[in-house]
Amino acid sequence: MDLKKQYIIALDEGTSSCRSIVFDHNLNQIAIAQNEFNTFFPNSGWVEQDPLEIWSAQLATMQSAKNKAQIKSHEVIAVGITNQRETIVLWNKENGLPVYNAIVWQDQRTAALCQKFNEDKLIQTKVKQKTGLPINPYFSATKIAWILKNVPLAKKLMEQKKLLFGTIDSWLIWKLTNGKMHVTDVSNASRTLLFDIVKMEWSKELCDLFEVPVSILPKVLSSNAYFGDIETNHWSSNAKGIVPIRAVLGDQQAALFGQLCTEPGMVKNTYGTGCFVLMNIGDKPTLSKHNLLTTVAWQLENHPPVYALEGSVFVAGAAIKWLRDALKIIYSEKESDFYAELAKENEQNLVFVPAFSGLGAPWWDASARGIILGIEASTKREHIVKASLESIAFQTNDLLNAMASDLGYKITSIKADGGIVKSNYLMQFQADIADVIVSIPKNKETTAVGVCFLAGLACGFWKDIHQLEKLTTLDKKFKSTMDPNIRKTKINSWHKAVERALKWKEID
């Protein structure tokens, strides 16, 4: 085959928008198309989206990207799909219509149900051992249970054996294949609270616990399996050639693969509104003693699964947005580096803990609230901006230390991606405070690149990881220049501030 005239399209379905990106054999980005879709908040803590709007938006970007690239469908060698995780859709398999809106991963409507389950420590332990996850509204199981209990049409279709469940990847695959394939991959299945990550299969015991019938669940495949062919009517009326779906990964796992964190101990951090830190831990699902998640990273066909430890920072870029929108002390996020550098001229020991809605791992305190300590009469806006950027690095450092403690070795480097890696001040401070090398790739679309790589390996577009390494180039690298004693002092100040932020709501 003439590789110069072959392409891979990555479908990247995110939480607020979806994109399609066309890549060539040299990983050049030939074309990109993006569409946003609506999010609804019908009640406090409820977050929903329209599955049909997601589908039409994603399909439109796929068609648009192909047309922008001026390529034919028969020149597309494969498609890969990456998606927002945990979000659920239930639909009628006879007409393809959803029975309810998609319940999004941030949705908290099942918090009381999760709390009830968590009161039983035996159940809590069993679920963690099987899934690597805590019982939390974030994950899919209790969302499914809510629809089955509260939507009469769902109950009726379930009794008639006409109901199907899927995370967003399953929903898109089912639509792209015109209902021929009801499947998911191991990375998405591992986020449902229904998948045994040791046995690598749906757990009948967990399905019974959460009252979810196994019959509505998709078949679980390896991450670079054959997920079916995209029907020609989704390209154009005169489309020729069969285009297979050859890779599926949850978005954070896709970023891990896109950063080529393919060896145990390799770490990536996606710096966005929040942060997602994932570490490849190899083929054994080590359970964290520091409340990190253990999840399936990916599984290649005829290979054992690869697992990851995952930790989240709730507020990262959101802290900078808060400075702009709420405090109005900066006009754009781009100004943050300028002010942070300005603050270095009059250094202060100012610490900001942005616990707007609690703190995640390793603290796990929903009652924690934001706090700024060390304010003096000479404190100016630049000191608060600097402390805000530094808070992102401090929180990431806490996660890296938790991962290192779980696995018994020091982390020496991380690969960074996401919107706020543009901040040179943040990246340098991250290297300094964690004493790591921070590497940033030239191609910032690491999520899409991850499924592109996986699809390309599956269909022979690329031979192996070594070939992929030659396609990835570094944009920037940051190394620590901080004195170890200064680092220790700064971390101690951070932890003192965190201690004061914990259990704040209980003071009322």
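Keep in mind that glycine also has a Cβ here, set from the backbone N, Cα and C atoms.
Some features that Swiss-Prot has for this protein:
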- THR15, SER16, SER17, THR273, GLY317, GLY419: ATP binding site (BINDING)
- THR15, ARG85, GLU86, TYR138, ASP251: sn-glycerol 3-phosphate binding site (BINDING)
- THR15, ARG19, THR273, GLY317, GLY419: ADP binding site (BINDING)
- ARG85, GLU86, TYR138, ASP251, GLN252: glycerol binding site (BINDING)
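Features as recorded by Swiss-Prot, highlighted on the structure.
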residue: SER16; record: ATP binding site; contacts (Cβ under 8 Å, 6+ apart): GLU36, PHE37, THR39
residue: SER17; record: ATP binding site; contacts (Cβ under 8 Å, 6+ apart): GLN34, ASN35, GLU36, PHE37, ALA57
residue: ARG19; record: ADP binding site; contacts (Cβ under 8 Å, 6+ apart): LEU11, ASP12, ILE32, ALA33, GLN34, ASN35, THR61, ALA448
residue: ARG85; record: sn-glycerol 3-phosphate binding site; contacts (Cβ under 8 Å, 6+ apart): TRP105, THR167, SER187, ASN188, ARG191, GLY250, ASP251, GLN252
residue: GLU86; record: sn-glycerol 3-phosphate binding site; contacts (Cβ under 8 Å, 6+ apart): TRP105, TYR138, PHE139, SER140, LYS143, THR167, ARG191, THR192
residue: THR273; record: ATP binding site; contacts (Cβ under 8 Å, 6+ apart): ALA316, GLY317, ALA318, LYS321
residue: GLY419; record: ATP binding site; contacts (Cβ under 8 Å, 6+ apart): TYR271, GLY272, GLY317
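Cβ atoms within 8 Å of the centroid of the Cβ atoms of THR15, SER16, SER17, THR273, GLY317, GLY419 (the ATP site) belong to the same-chain residues GLY14, GLY272, site residues excluded. Of all the binding-site residues listed (THR15, GLN252), THR15 has the fewest other CB atoms within 10 A of its CB. The glycerol site is set by ARG85, GLU86, TYR138, ASP251, GLN252; from the centre of their CB atoms, other residues of the chain with a CB within 8 Å are GLN84, THR87, TRP105, ARG191, GLY250. Under the DSSP three-state reduction, TYR138 (sn-glycerol 3-phosphate binding site) is assigned to coil, being neither helix nor strand. Around the Cβ of TYR138 (sn-glycerol 3-phosphate binding site), the number of neighbouring Cβ atoms within 10 Å comes to 22.
Counting every protein chain shown, the Cβ of ASP251 (sn-glycerol 3-phosphate binding site) has 25 other Cβ atoms within 10 Å. Across the residues annotated as binding ADP (THR15, ARG19, THR273, GLY317, GLY419), the two Cα atoms farthest apart lie 21 Å from each other. Under the three-state DSSP scheme, ARG85 (sn-glycerol 3-phosphate binding site) falls in the coil class. According to its DSSP assignment, THR15 (ATP binding site) is coil. GLY317 (ATP binding site) falls within a helical segment according to DSSP.
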